[in-house]
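Now, the feature entries from TrEMBL:
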- Gly59, Ser60, Thr61, Gly62, Thr63, Gly64, Lys65, Thr66: ATP binding site (BINDING)
- 229-286: domain 'Torsin-1A C-terminal' (DOMAIN)
Amino acid sequence: FAPPAPHPRAGHAGSCSLEFDLAVNLVGQPLVRQEVMKGVRGFLENQNPVKPLVMSFHGSTGTGKTYVSSMVIRYLFQGGLQSPYVHHFSPIVHFPHAEQIEQYKESLKRWIQGNLTNCGRSAFLFDEMDKMHPGLIDVIIPFLGPSWVVYGTNYRKAIFIFISNAGGEQINEVTLALWRARKDREEISLQDLEPAISKAVFENPQSGFWKSGIINEHLIDFVVPFLPLKHHHVKQCVVSELIQQGLEVRPGVVQEVAKSIPYFPEEEKLFSSTGCKTVASRISFFL
């Protein structure tokens with residue numbers, strides 16, 4: 001029994017609403033918005049894709065990687081992350097012991113195969129790829145490429161999202177260097193960042209992508225860099241959080257919460273060290 005494939009909510013013009021959601025709710029990431037929309041729009045419009053959609057999100061803590069992945073999933077599947085067609089993996093929870101890697105490989109392959117047999121339009125999220133044991137992720141290579149059928153299953157309508165802090169430091173360094181060279185953060189392009197991400201993520205022995213066939217065979221469609229957030233972005237996050245908690249938006253509170261967050265580099269204090277990550281937990285101290 002194969003359940004009907006879930007699709008973008010009827011009458012919701014999926015990608016259009018996703019575009020609106022990203023524009024309104026995602027703070028300070030125009031590059032992310034552009035790349036994610038390009039990926040999702042192509043994915044939704046193509047009735048017969050050649051391969052699954054594979055995206056890899058990179059950036060430091062609190063810049064919106066998990067938030068964006070949950071937005072994408074919410075538009076593709078009713079029930080969002082709770083949908084039975086959405087599968088979420090964390091190396092710390094699901095693959096904690098290096099000595100059991102062969103066992104993990106076997107069960108991961110079986111899990112993906114089983115779920116794609118059940119429903120071809122499934123999503124698989126891999127969190128904290130920087131903590132994944134090198135070699136483990138390669139078992140999913142057969143599911144990512146442009147073959148027509150694998151193990152008797154057509155899996156080309158699946159979506160895979162990798163999320164990683166790896167490359168975050170390098171993205172921050174490039175952003176800072178460009179700022180010092182008088183290039184505005186909003187003008188930064190993917191080409192500015194790609195070499196640094198490649199080096200940090202794909203050529204690093206500690207990374208889950210180390211020597212991975214996923215990289216060598218160019219199976220990632222979109223590498224999406226999340227830039228460090230500036231003071232005014234953090235203030236936007238504080239405002240959103242206050243509204244979400246049903247609290248009054250007082251400029252003094254917004255200012256104090258944003259000021260209480262650590263910024264780098266030491267002299268200029270340009271970018272938030274934790275993005276918007278700790279905003280929610282800090283609000284109560286300033287009310």
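Each residue, glycine too, has its Cβ placed from N, Cα and C.
The model shown is predicted, which means the values in this text are computed figures rather than measured ones.
Each of the binding-site residues Gly59, Gly62, Gly64 was scored by the number of other CB atoms within 10 Å of its CB, and the largest score is that of Gly59. Taking all protein chains in view, 26 other C-beta atoms sit within 10 angstroms of the C-beta of Lys65 (ATP binding site). For the binding-site residues Thr63, Thr66, the ranking by surrounding Cβ atoms (within 10 Å, all protein chains) places Thr63 first. Residue counts for the domain 'Torsin-1A C-terminal' (229-286) by DSSP state, with H, G and I taken as helix and E and B as strand, are 31 helix, 5 strand, 22 coil.
Mean model confidence for the domain 'Torsin-1A C-terminal' (229-286) is a pLDDT of 95. Sitting within 8 Å of the Cβ centre of Gly59, Ser60, Thr61, Gly62, Thr63, Gly64, Lys65, Thr66, and not among those site residues for ATP, are the Cβ atoms of Tyr67, Asn165, Gly168, Phe226, Gly275, Lys277. Annotation for Ser60 (ATP binding site): spatial neighbours Asn165, Gly168, Glu169, Ile171, Asn172, Phe226, Pro228, Gly275, criterion Cβ-Cβ under 8 Å with sequence separation of six or more. Residues within less than 8 Å, Cβ to Cβ, of Thr61 (ATP binding site) and separated from it by at least 6 positions along the same chain comprise Asn165, Gly168, Thr274, Gly275, Lys277.
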